[in-house]
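Enquirer: Structure incoming, see below.
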Amino acid sequence: METDSMECVSSTGNEIHQNGNGHQSYQFSSTKTHGGAAAAAVVTNIVGPTATAPATSVYELLECPVCTYSMYPPIHQCHNGHTLCSTCKVRVHNRCPTCRQELGDIRCLALEKVAESLELPCKFYNLGCPEIFPYYSKLKHESLCNFRPYSCPYAGSECGIVGDIPFLVAHLRDDHKVDMHAGSTFNHRYVKSNPREVENATWMLTVFHCFGQYFCLHFEAFQLGMGPVYMAFLRFMGDEEDARSYSYSLEVGGSGRKLTWEGTPRSIRDSHRKVRDSNDGLIIQRNMALFFSGGDRKELKLRVTGKIWKEQHSPDSGLSIPNLSSS
């Protein structure tokens, strides 16, 4: 991590020096039950839309006792009828984790057929998802479900925290010590004493609250090809569909010149690396950055300003009219 100064300047002129912070790892508690041996049973019940949880006994039968995830074909079993998923069969070196007998290559076709007859709620039903799916279609939906938790947008580490937006905002503030601002305009300054040395991890993050939403402003320096570049971009703390309701602009300049960028913030559903690697933001090459810095061009002094606004659709003209008021 670079040790040079990275400063966040709020609209009111207060300066905050932000460096790399340590982080803590957390996990949500789970109340999952571990499945046992497969039972010889015919299951005909379908979980209806008013149910609050899957049929427990059936769900347990389809839960791998090793990884506790739902099992999908091929489902394996030992001679005593204990089942596990194909991934865990390799992990346990072909030995049943329940009775220690050799697994062989026996498939539990009966349990696979039972699964075909089931309809189950999305696993995010307790977060508000009302959808019911055939067992083998459920996994695909859950990977894209709008009610699934968001991943922590902090870019300086592999943080595994997930949760809803209010939880993540508190997590960023309290655990990652991220700078928080209210308002839709920003004024940031990035200062580096030796602009010829750049680590890929040199970056800063600020969270803005406006229009009742939260936005993450990223500013980073990283190596691209033979030289360093500096990039700024905005991410929306919510889904992509809602992100399209907002726009933002970024501007960097100096010595009578300026470079501007305007775009739509990306949802934090897209990973930080995905956004960065797509070049979807304001990108400043080192020579241009030094030109904007002025002076003898031996020290980098970049000031990035910008604003966020909400697009308002005009029913008469069909055009989008920017709303610059953050209240």
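Every residue, even glycine, has its Cβ placed from backbone N, Cα and C.
Summarising the annotation, Swiss-Prot assigns region 'Disordered' to 1-27. According to Swiss-Prot, the feature compositional bias 'Polar residues' maps to 8-27. The zinc finger feature in Swiss-Prot is assigned to 64-100, 117-177. Marked as region 'SBD' by Swiss-Prot: 114-307. For Cys122, Cys129, His141, Cys145, the entry in Swiss-Prot reads Zn(2+) 1 binding site. The feature Zn(2+) 2 binding site is assigned by Swiss-Prot to Cys152, Cys159, His171, His176, with similarity to another entry given as support.
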Enquirer: Across the whole of the zinc finger (64-100), what does the mean pLDDT come to? Round it, please.
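Expert: So the average pLDDT across the zinc finger (64-100) works out to 91.
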Enquirer: Hey, for the Zn(2+) 1 site built from Cys122, Cys129, His141, Cys145, who else sits with CB inside 8 A of the CB center?
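Expert: Filtered neighbour residues, in order: Lys123, Phe124, Tyr125, Glu131, Phe133, Lys138, Glu142, Leu144, Asn146, Phe147, Arg148.
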Enquirer: Counting every protein chain present, what is the number of Cβ atoms, excluding its own, within 10 Å of the Cβ of Cys159 (Zn(2+) 2 binding site)?
Expert: 20
Enquirer: Measure from the CA atom of Cys159 (Zn(2+) 2 binding site) to the CA atom of His141 (Zn(2+) 1 binding site) and give the result in Å, rounded to a whole number.
Expert: 24
Enquirer: Write out the long-range same-chain contacts of Cys145 (Zn(2+) 1 binding site), meaning residues 6 or more apart in sequence whose Cβ is under 8 Å from its Cβ.
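Expert: Those within reach of Cys145 (Zn(2+) 1 binding site), by Cβ under 8 Å and sequence separation of 6 or more, are Cys122, Phe124, Cys129, Glu131.
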Enquirer: Counting by DSSP, what is the helix, strand and coil composition of the zinc finger (117-177)?
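Expert: Tallying H, G and I as helix, E and B as strand, the rest coil: 23 helix, 10 strand, 28 coil.
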